[in-house]
């Protein structure tokens, strides 16, 4: 993938603020930090479904070993575990299939805008899932549709960040750079788990709302920096 960069010369921000005209290494580090933040936030917004399963699905009476039918329809009861699994299947199938098309689209349009589009869409869909709590939605189709569409938006993240990093980082020390940078996956999962579980005891809708805020705010940061042209291929 190649980022679509405007005409020659220094970016506007460099002309207005000469102190921003740092070395190439400075811009490489900036690119790595921004893409790290972006993809970590993607992973943080994926954690809520797995965190809230204990609240949505059916529980078992430890004394009689029988199911307690007091959880969130349509995930309560003996079929609750299966339906939660269907949610995972819907998301992962959509994510895997959409990855192919996301990669092709990234070759044809501005990576910066495409990445922000994916982050905003992921954040909004995660919020909508959480709204199911406050709107008292108990339709399986509602949650399945959200997971399918969310998988589509989530698939945009990886092709974009990998392409941007590849554009800026050559073969020298590529293993070291990718090893450190790729930890965004686990950082995002840890942050998402902590944030989602911290509010699970109150209302499970917040377990979706807060992580979604992380990816939306991160998307705004990427957008602002790309508008300022602080990094010419972000």
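Start at 1 and count along the chain as shown; that gives each residue its number.
Glycine is no exception: its Cβ is also placed from the backbone N, Cα and C atoms.
Keep in mind that TrEMBL annotations are predicted by a computer and have not been checked by a curator.
Of the given residue ranges 24-42, 43-61, TrEMBL assigns the label transmembrane segment to 24-42. At the 8 Å Cβ cutoff, the transmembrane segment (113-134) and the transmembrane segment (180-200) share fewer than 3 close pairs (sequence separation 6 or more) and do not count as touching. Counting only same-chain residues 6+ beyond the ends of the transmembrane segment (206-225), those with a CB under 8 A from a CB of the stretch are 30, 34, 37-38, 40-42, 44-45, 47-48, 51-52, 112, 115-116, 119-120, 122-124, 126-127, 129-130, 191-192, 195-200, 231, 234.
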